[in-house]
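Could you have a look at this structure, given as structure tokens, before my questions?
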């Protein structure tokens, strides 16, 4: 009886570990559901919107300008942030605020990206903390799930003029 009970316990433990590993790999490499908070991505993503973030793009280095990404915060590694990719390594980016009279520019260093929120007046982004290492990217948002009346692929940046072509 004890042997039978131990056998069932070890089988249960084995299945738990197996399914835990499968779930970890799915969330780490395929993607997952993310609840966005804060005003920095308005009007594209509102506070409490639910989106799907796929993680394969970051592993295959397929992140492009204009993509919205989930990134480990450079200021607080325990939290994630949601921002739009404005520049990739080697790109020239405008590092000043839209309201600044004199515009300043810089180049994104190798292995980094330049991130900005769509709500430029209410976003802490690369204009504050500089270029972000590519390794901090967790995934690319490809679909808005909630609210249902907004379900679908995300729209283009309202700040398209910030993308420089040099």
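Each Cβ is built from the backbone N, Cα and C atoms, and glycine gets one as well.
In case it helps, TrEMBL gives these features for our protein:
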type	residues	note
ACT_SITE	40	active site
ACT_SITE	83	active site
DOMAIN	16-97	domain 'Peptidase S26'
DOMAIN	103-146	domain 'Peptidase S26'
Tell me, how many other CB atoms lie within 10 A of the CB of residue 83 (active site), whichever protein chain they belong to?
25
Which whole-number value in Å describes the distance between the Cα atoms of residue 83 (active site) and residue 40 (active site)?
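With the alpha carbons as reference points, the distance is 8 Å.
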Quick one: average pLDDT across the domain 'Peptidase S26' (16-97), no decimals.
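Across the residues of the domain 'Peptidase S26' (16-97) the model's pLDDT averages 86 on the 0 to 100 scale.
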Given a separation of at least six residues and a C-beta threshold under 8 Å, show me what packs close to residue 40 (active site) in the same chain.
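Expected: 81, 82, 83, 117, 118, 119, 122, 123, 124, 125.
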Pull the DSSP breakdown for the domain 'Peptidase S26' (103-146) and write it out as helix, strand, coil residue counts.
10 helix, 20 strand, 14 coil
Just to be sure I understand, if DSSP states are collapsed into helix, strand and coil, how many residues of the domain 'Peptidase S26' (16-97) fall in each?
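Result for the domain 'Peptidase S26' (16-97), in helix, strand, coil order: 19 helix, 27 strand, 36 coil.
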